[in-house]
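Asks: Take a look at this one; I'll ask things after.
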Amino acid sequence: MIIDTTEVQDINSFSRLEFLKEVYGIIWALIPIFTLVLGITIGVLVIVWLEREISAGLQQRIGPEYAGPLGVLQALADGTKLLFKENLLPSRGDTRLFSIGPSIAVISILVSYSVVPFGYHLVLADLNIGVFLWIAISSIAPIGLLMSGYGSNNKYSFLGGLRAAAQSISYEIPLTLCVLSISLLSNSSSTVDIVEAQSKYGFWGWNLWRQPIGFIVFLISSLAECERLPFDLPEAEEELVAGYQTEYSGIKFGLFYVASYLNLLVSSLFVTVLYLGGWNISIPYIFVSELFEINQQYEVFGATIGIFITLAKTYLFLFIPIATRWTLPRLRMDQLLNLGWKFLLPISLGNLLLTTSFQLFSL
């Protein structure tokens, strides 16, 4: 049997070309993911710097100023320090649960960024159930905290994990009811469709004006979900000595703070998407008709403007949870649960019934 060397070379070159195409496709698919992760990382560092500066201003102190210009590298310096610290493990604890817990808390929140639209075509996954996917995925984070508390073999840590689970269950129900009201108004659960539904009437089309009660309930519930003061009962220093993170050190200790700020950022992004019009500039079209023509001609310019507007709304809203942390005292556990079950749940349910009635009468 005679083998033609030319045919063999053609086959090899074809297989090599197919392999390169597969590698190129994988790289092209991973670029948006890496870009999103890089942007989220920078966003978290900005939030940490803002919180330190705002808290210093509220308490008449000098904020971070030595690590980089105006102290912008202080959070990076703290993370590097935690990275090189010794990682201790409890001798009688469950090592696997102890190690997996912080990772679950961070990864579950990172995945929820995939449905956040930063612009008209700038979303990693435009799903029909986008907002409910965020709620479902973010509800996994308290399981990681509970695993951390149980794996530490420490009664204070375990109580902190139980508090985190109880708090999450109490405030996820009102949060979900508020999101369901927004979905009924927009006739869709897609985050992109919700923003588009608000863009029809400009500034006055925001769901903030159509759902003021839901906005307040959503704000309080999101603060409780992020375990921000006055709802940081799972890590109350006076009672639990930092709660579920008592036995942690090094980078695992830092992962809990990363998860907290990631959750705060994604909650603020969803407030922008659900209630503040998302990437829409929300100025009457008479004054910006030329700008919209530019957007149609140059998609890159339009995408940049959309990202800027989304982030500007998000970081302006972030002033509320940051200022709340440094002004309000911590609630007791019974007050926290009463607020969730006896007040926010009936109010959010009533808001949902009113929204449903309004939608039925408008048909």
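Every residue gets a Cβ built from N, Cα and C, even glycine.
Here's the feature list from TrEMBL:
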{"type": "TRANSMEM", "residues": "26-50", "note": "transmembrane segment"}
{"type": "TRANSMEM", "residues": "97-115", "note": "transmembrane segment"}
{"type": "TRANSMEM", "residues": "127-147", "note": "transmembrane segment"}
{"type": "TRANSMEM", "residues": "261-288", "note": "transmembrane segment"}
{"type": "TRANSMEM", "residues": "300-322", "note": "transmembrane segment"}
{"type": "TRANSMEM", "residues": "343-361", "note": "transmembrane segment"}
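Walk me through where these features lie, including what they touch and how far apart they are.
Replies: Away from its own ends, the transmembrane segment (300-322) comes close to residues 43, 46-47, 50-51, 54-55, 117-122, 219, 223, 226, 228, 264-265, 268-269, 271-273, 276-281, 291, 294 of its chain (Cβ-Cβ under 8 Å, at least six residues beyond either end).
Remote same-chain partners of the transmembrane segment (343-361), defined as residues 6 or more beyond its termini with a Cβ less than 8 Å from a stretch Cβ, comprise 171, 173-174, 177-178, 180-181, 184-185, 211, 213-214, 217, 220-221.
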Asks: Using a Cβ cut-off under 8 Å, which residues of the same chain at least 6 positions beyond either end of the transmembrane segment (26-50) come close to it?
Replies: 64, 71-72, 74-76, 110, 113-114, 124, 258, 261-262, 264-265, 311, 315, 318, 322
